[in-house]
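Working notes, beginning with the structure itself.
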Ligand SMILES: [Zn+2]
């Protein structure tokens, strides 16, 4: 019994990343640390939860800038609009075509069929329903446990593929209040996955404390105007799946909460670049 306790304790100390690290700036454990001249972590491999939206595309660029090998994963769970799944193919193709140094690091793309999540979700993302705020205070786009399931499935794929980090675009700054996007939820999940797999499984959330304007700024820092242009034209955010109206901030209906957030963020970002 005592031996088991010691083994688990050592597992936490040596293999599980600290609960209290700030994700974007985390250092690898001492033994694994191997920094390039730029001080970036170069030897580790990441799996990016990549939906084809603005946030996950920025996260993909962030990971490609830091990791020596990056793979992508998405989930098909009967979303009302498959626009995002189409957009992600285009984004991946353009990253390969326009960013040669990133293309060399960009590996396999995985799409998992999670039809069962659609079966157990009665939400505005999977059913033809109007987006409203429920009594709980959450919008009707909330798919219960979605991120918990996504990360858990992603960790299984990462384990098989020899990838030790999962990167996601979750954010607490100007999000819809989804409890499974919260930093503490994901840190707890990181510990649970690392223990459950008996292998390190770091959860990276580079956008966690950024607002939408800062997310645009991060994209600019990572990939300059070509990445800004790619995100504007090819990524998708609109809840209604509108790909016919092009605005300065990208395609969308311009009315739904996702479009509103994206528009406001882009306007704030534009003001900072004009200043
Ligand atoms: Zn919209």
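The backbone N, Cα and C atoms fix where each Cβ goes, and this holds for glycine too.
Copied over from TrEMBL:
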BINDING   50, 51, 52, 53, 54, 55, 56, 57, 58, 59, 60  ATP binding site
BINDING   238, 253, 256, 259  Zn(2+) binding site
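Distribution of TrEMBL features across the structure.
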residue : record              : Cβ within 10 Å
50      : ATP binding site    : 27
52      : ATP binding site    : 23
54      : ATP binding site    : 27
56      : ATP binding site    : 24
58      : ATP binding site    : 25
60      : ATP binding site    : 26
238     : Zn(2+) binding site : 23
253     : Zn(2+) binding site : 17
256     : Zn(2+) binding site : 19
259     : Zn(2+) binding site : 22
Within 8 Å of the Cβ centre of 50, 51, 52, 53, 54, 55, 56, 57, 58, 59, 60, which other residues of the chain have their Cβ, at the recorded ATP site?
48, 88, 91, 169, 235
To the nearest Å, how far is the Cα of residue 60 (ATP binding site) from the Cα of residue 238 (Zn(2+) binding site)?
19
Using an 8 Å cut-off from the Cβ centroid of 238, 253, 256, 259, can you name the remaining same-chain residues around the Zn(2+) site, in sequence order?
237, 239, 240, 242, 252, 254, 255, 257, 258, 260
Of 52, 238, 253, 259, binding-site residues neighbouring ligand 1, Cβ under 6 A:
238, 253, 259
How far is it from residue 50 (ATP binding site) to residue 238 (Zn(2+) binding site), counting Cα to Cα, in Å?
16
Sort the binding-site residues 52, 54, 56, 58 by C-alpha distance from residue 259 (Zn(2+) binding site) and give me just the closest.
54
Proximal residue to residue 256 (Zn(2+) binding site) among binding-site residues 52, 54, 56 (C-alpha distance):
54
